[in-house]
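Notes for the one structure printed next.
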Amino acid sequence: MPIAPIPSTEQERLNALYSYNILDTASEEDFDELTGLASAICNTPIALISFVDKHRQWFKSHNGLDVTETDRAMSFCAYAINEPTEILEVEDAEQDLRFSDNPLVTGDMNLTFYAGVPLVNADGAALGSLCVINYVPQKLNDMQRKALKILAKQVIDKLELRRKLLDAETTGQRILELNNLLLSKEREAIQIVQHAPSAMALHVGEAMTIRFANKRMLDAWGKDESVFGQAFQEALPELSKLDFPRTMRKVYQKGIIYEQNEAHMLYEHRGEIREFYYNYAFTPLTRKDGTVWGILNTALDVTQSVKDRLAVEQAEEELRLAIQSAELGTWKMNIGTLELTASKRFKELFGFYPDEEITYEAVIGQVEDGSRNLVIESLATAMKEGKSFDLEYPIVGFHDGKFRWVRTTGKLVKSINGSPTQFSGIVADITERKQDEQRKNDFITVVSHELKTPLTSMKGYLQVIEMKARKVSAGDVAEIAKKAQRQTDRMQEMITGFLDVARITEGKILLNQSSFDINSILQSAEDDVTVTVKSGLVKFTRCEQVFINGDKGKIEQVLLNLVNNAIKYSPREPIITVSCIKEENNAVIRVIDRGLGIHPADLPNIFERFYRVDHKDVKMIAGFGIGLYICKEIIERHGGSIGVNSVLGEGSEFWFKLPIAV
């Protein structure tokens, strides 16, 4: 069976066919009416609207035939499309060599007559044919041929109309989709702008009409949405005074962005004059041709950060002036590498040149041998445990060889993420203070020693006077002599205290170590107290037998000092409790009174040398502020600790701990 030749423009023809989206669509009445009319005019049982696809012919309308498609190889229409301007008329297919052995002719369908008019669109593409078919030989007359051509044109017209309707429907749907998309994008854009971290507004036209502004911008203006649609100068007269309209007009006219950082603004905001700092920008918005149609106004409120920075800068300047006035040196050190950065004053104190690079090791090398290990260990502990560093120690200048005393303080500095990065602090020259202290200690020592000898003689004379007065029954004289002795005893205690302070300061205090039961200290204290205090007012509670190593006399001195203080700062008939307990590896002694108590502000300094509480109730009580200082030094020299808990007006609890002998 011969097969119809493939047209030279086959791909273009198929593209044209597919552009109508007609294949495999449902039957349509308009097309069925045309095949019905063709069948009636040509007096044939079958009329088809056939479209020739790549491998098949498909029938859009098939009047008189139940089949919707056949193979292209058997198609009569495949021959028809090769002659787009002519009617293909086959009067008797059995006699036509092209079709005589065609299965449509020899098979059950038994087709004999065929006449088809090619369906050619405006571009000349033959899409298929309008054909009429009969089971017997037949020949069309001129009127039938003419009518068939007219009907074929009607098919093409309906195809074009159908495509336009589909295109219009598609276009309409697309427009609707685009409108919905635009609305969606507009809503999204508004949401994005509303939630933007900066203030944003859109101004259009030379009048800078406010088209839109997010909440942040409205808050910055101190306005609400009622300003939408108003010109900038009309809506925001308070900002117009800051020359914004002129600046915005320049941006609008020249199309060049304008930016300002940390711009200082002072304007009326919701009824009051307020100060602001802003980073802001006016960005021109242009059409495709480059003309400006609006301005995007963006602003970021940096008021707090600028004020914070200015406050820091002011504080730094004040600190710099304070450090300069106090002649302090500054330093910082990387805790990982021990890389040291120091100020000129720091270098000067340690005897280095101002422009000289110095290292941690070089600085430590200037510390006197007796203090070097203490400085190294204290600094290492502070860096490791995150504690502050505060130490006084002697140094010798590297180049100048000068002896100085310095006080160095420092603390750990952490990064933003909380990890420690460096240790920094200051250093002060305390040489003069140390020299003053030494002169004072020397004076106290000399004076105390000088007073001790005549005082001892005076006490002896008073004792002799008392004895002789009693022998001659001069009771009044004896009593006066006895009172004078008590005053000399008190003066002797004060002199001993001053000498102890001097010895402690110079590190010359000696401890006569021995092992003893802590209860013996309580017994000795009780024996002394009962001589001067009414029975029952001071209660002693002993603990189990606990031995400690230490200077028994000095520890007894500590306990008596605490008990005497409790008596001194309590009512006339105080109730004082002295107790001893064992806590883990320590013996703990507590002295509790119901006296005046201590103000919270005084507690941190109560054990400092020469510290006196400044309170109206204690001003009349004699003292020099050395007793508790001596107690603290004695206990700490024994490896123990001492402290106080107190409530003002309710009383105090002084305690000290000593390690148990192993």
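Any Cβ shown, glycine's included, is placed from N, Cα and C.
Annotation comment: TrEMBL describes 315-386 as domain 'PAS'. Summed and averaged per residue, pLDDT over the domain 'PAS' (315-386) gives 87.
Mapped onto DSSP helix, strand and coil, the domain 'PAC' (389-442) counts 12 helix, 30 strand, 12 coil. According to TrEMBL, the domain 'PAC' annotation covers 389-442.
Positions annotated as domain 'Histidine kinase' by TrEMBL: 446-662.
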Three-state composition of the domain 'PAS' (315-386), taking helix and strand from DSSP: 39 helix, 10 strand, 23 coil
